[in-house]
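Taken from Swiss-Prot as is:
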- 1-26: signal peptide (SIGNAL)
- 27-47: topological domain 'Virion surface' (TOPO_DOM)
- 69-84: topological domain 'Intravirion' (TOPO_DOM)
- 48-68: transmembrane segment (TRANSMEM)
Amino acid sequence: MSCKKSARQSLYVSLCLFYILVFAAATEVDFYSPECHSHTYEIVLNSFSSIWLLINLFLLLCSFAIFLKYWCYKTFASETVKGY
C-alpha cells in the first residue's frame, strides 16, 4: 500500500513541477521584431505545442528506456545460459 502512496506522491510532485515550469515562463516576445536577438530569445513553455513536445519527449525517453531494459536483459539471459 505504501508503494502506491509513494508513486502517487511522486506523480503529484512531478505534476506540480511541470505546472510551475509551464505557467511560470516569461511573457512572449515577438521573435521577428528587430529588437529581438536569437541568442536572447526566451523559450515559452505555456503554448500547446511546447507542452505537446515535452509530453512526446517524455514518452519517447520512457519507451527507449523500456526497450533498452528488455534488450539488455535478453542479451544477458542468453549469454548466461549459453554455458549451460
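Placement of Cβ uses the backbone N, Cα and C atoms for every residue, glycine included.
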Below 8 angstroms Cβ to Cβ, which residues of this chain, lying six or more residues outside the topological domain 'Intravirion' (69-84), approach it?
none
Sort the residues of the topological domain 'Intravirion' (69-84) into helix, strand and coil with DSSP and give the three counts.
13 helix, 0 strand, 3 coil
